[in-house]
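Student: Please find one structure pasted underneath; my questions will follow.
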Amino acid sequence: MTEQREQWASRWGFILATIGSAVGLGNIWRFSYAMGVNGGSTFLIIYLISVLLLGFPIMLIEFSIGRRAQADAVESFKKIAPRTKWFIAGGIGVLAAFLILTFYGVIGGWSLRYTAEYLTGGIAGNSERFFQEFISSPVSPIVWQFIFMAITISIVFIGVQKGIELSSKWMMPILSLLLLGLAAYSLTLGGAEEALRFMFQPDWEAFANPNVYLAAMGQAFFSLSLGMGIMLTYGSYLSPSIRLTSNAAIVIVFDTLFALISGLVIFPAVFAFGLDPAEGAGLVFIVLPTIFEALGGIGVVIGVAFFVLLTLAALSSSISLLEVSTSYFIRKFRWSRKKVAVAAGLIIFLIGIPSSLSQGAVDITIFGESFLDFVDMFTGNVMLPISALIAVIFVGWTWKKEEIFEHSDIKEASWGPVLIFLLKFIAPVAILIILAFGVLNW
Ligand code: PHE
Ligand code: NA
């Protein structure tokens, strides 16, 4: 059976799709909320270290496993190491992607609703009350979640990868410019000093808190779309002529800048308007409307632009999330792409309903957290690191040094030994320790 495997049209097609998956609600919504809840600067420092020491090597090996095996998240492990259990890494990843989309769809629905709200004149008055009333309604957020999921399903259904590639081409630059402009404005609102202190002045005591490490590491995996087999799958569409290292670096730099700049939009405004940085999942949906209102008439226009782009960024990520389950189930059940996309998408929507309801309509808590927060934290902070841990041990300890160099394109690079050291020792040990302490503490 020699099936012709799809390939990216160009190097830029690949980079854009990868950035499209990486940049999403994670950079703006989840980053600011996790950073706010976990005390700011300490979280940020550990996050940046995780991105560098864990994110980079793990993205690189996901690309290389995929390109080497030319198969999906589970099959790749089975192909490279037949009759072993390494494929469990891929299995956890597929399951994580499935579960992440259940709540990602809820937040995607929120941003869709806010887009509609700004298209029809914006949100005036108390944005916190507006937000609380919206998310605690038993019907409205679920309708918006459904619409968001329906759009995601139809794109995966049609399989218009070209459309995604093309839209990322202009979408990401505009969103970046908009964020930069908003950051510049937000910094003038009077909360800049406090915000910069919150974001950049280390709070040494917080380094003793295992939760902060767990949250920061989880955020790094979530934001870079790692531990889910997405980067692996994207790598499998690659031709050997593309250098993996520089691509991984570009995606990582871009994703990280996005998160940092969003922080510079959110936190100065948080302090200027006397809001609470530890507000939680609603942070951006309360802070941004406050900024837009302060901007006056132009605020509505910027609000439209902002939420349209946020929704599109969310869509390019949710598509990649649904694509993981879809490609897996297509192979597993031998169903058609269309059938799988609709079935998987609908089931994901249904499982997401309790997440939506847990925001105030019904009291659904697990370990003291709302159902949505629990699924979010468990998938991002526990499942992704475990899946990545297995993949890292797989490559670090079962591939020969030469194999690692060859498949991750670092033949001539002088930092080859550094990568080996990260893969064999630093990454597994760090992930294990952070997971162990974090989960015990939880
Ligand atoms: N990385 C995306 C974000 O930051 C979320 C995501 C996670 C997308 C996992 C795909 C896979 O929003
Ligand atoms: Na991201």
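Here the Cβ of each residue, glycine as well, is placed from N, Cα and C on the backbone.
From TrEMBL, here are the annotated features:
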- 12-32: transmembrane segment (TRANSMEM)
- 44-65: transmembrane segment (TRANSMEM)
- 86-107: transmembrane segment (TRANSMEM)
- 142-160: transmembrane segment (TRANSMEM)
- 172-192: transmembrane segment (TRANSMEM)
- 212-237: transmembrane segment (TRANSMEM)
- 249-274: transmembrane segment (TRANSMEM)
- 294-319: transmembrane segment (TRANSMEM)
- 340-357: transmembrane segment (TRANSMEM)
- 377-397: transmembrane segment (TRANSMEM)
- 418-440: transmembrane segment (TRANSMEM)
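Structural setting of the listed features?
Tutor: Using a Cβ-Cβ cut-off under 8 Å and counting only residues 6 or more beyond its ends in the same chain, the transmembrane segment (12-32) has close neighbours at 104, 107-108, 111, 161, 164-165, 168-169, 172, 175, 219, 222-225, 230-231, 234, 237-238, 242, 247, 250-251, 254-255, 258-259, 262-263, 266-267, 281, 283-285, 287, 310, 313-314, 316-320, 376, 380.
Away from its own ends, the transmembrane segment (86-107) comes close to residues 24-25, 29, 72-78, 80, 141, 145, 148-149, 152, 222, 227-230, 232, 281, 314, 317-318, 321-322, 324-325, 328, 344, 348-349, 351-352, 355-356, 359, 372, 375-376, 378-380, 383-384, 386-388, 390-391, 394, 398 of its chain (Cβ-Cβ under 8 Å, at least six residues beyond either end).
Distant neighbours of the transmembrane segment (142-160): 101, 105-106, 108-110, 112-113, 311, 314-315, 318-319, 322-323, 326, 337-338, 341-342, 345-346, 348-349, 352-353, 356-357; these residues of the same chain sit at least 6 beyond its ends, with a Cβ under 8 Å from one of its Cβ atoms.
Long-range contacts of the transmembrane segment (172-192) within its own chain (CB-CB distance under 8 A, at least 6 residues past either end) are made by residues 16, 19-20, 23, 254, 257-258, 261-262, 264-273, 291, 294-295, 302, 305-306, 309-310, 312-313.
Same-chain neighbours of the transmembrane segment (377-397): 30, 54, 57-58, 61-62, 64-65, 77, 81, 86, 88-90, 92-93, 95-96, 99-100, 214-215, 217-219, 221-222, 226-229, 232, 369, 404, 420, 423-424, 427-428, 431-432, 434-435, 438-439, counting only residues six or more beyond its ends whose CB sits under 8 Å from a CB of the stretch.
Panel annotation: around the transmembrane segment (418-440), residues 53-54, 57-58, 60-61, 210-211, 213-215, 217, 381-382, 385-386, 388-389, 392-393, 395-397, 401, 404, 408, 410 of the same chain, lying at least six beyond its termini, place a Cβ under 8 Å from a Cβ of the stretch.
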Student: Is the transmembrane segment (249-274) packed against any residues at least 6 beyond its ends, judged by a Cβ distance under 8 Å, and which are they?
Tutor: 15, 18-19, 22-23, 26-28, 31-32, 35-36, 40, 44, 47-48, 51, 55-56, 59, 172, 176, 179-180, 182-183, 186-187, 189-192, 194-196, 198-199, 223-224, 283-284, 287-288, 290-291, 294
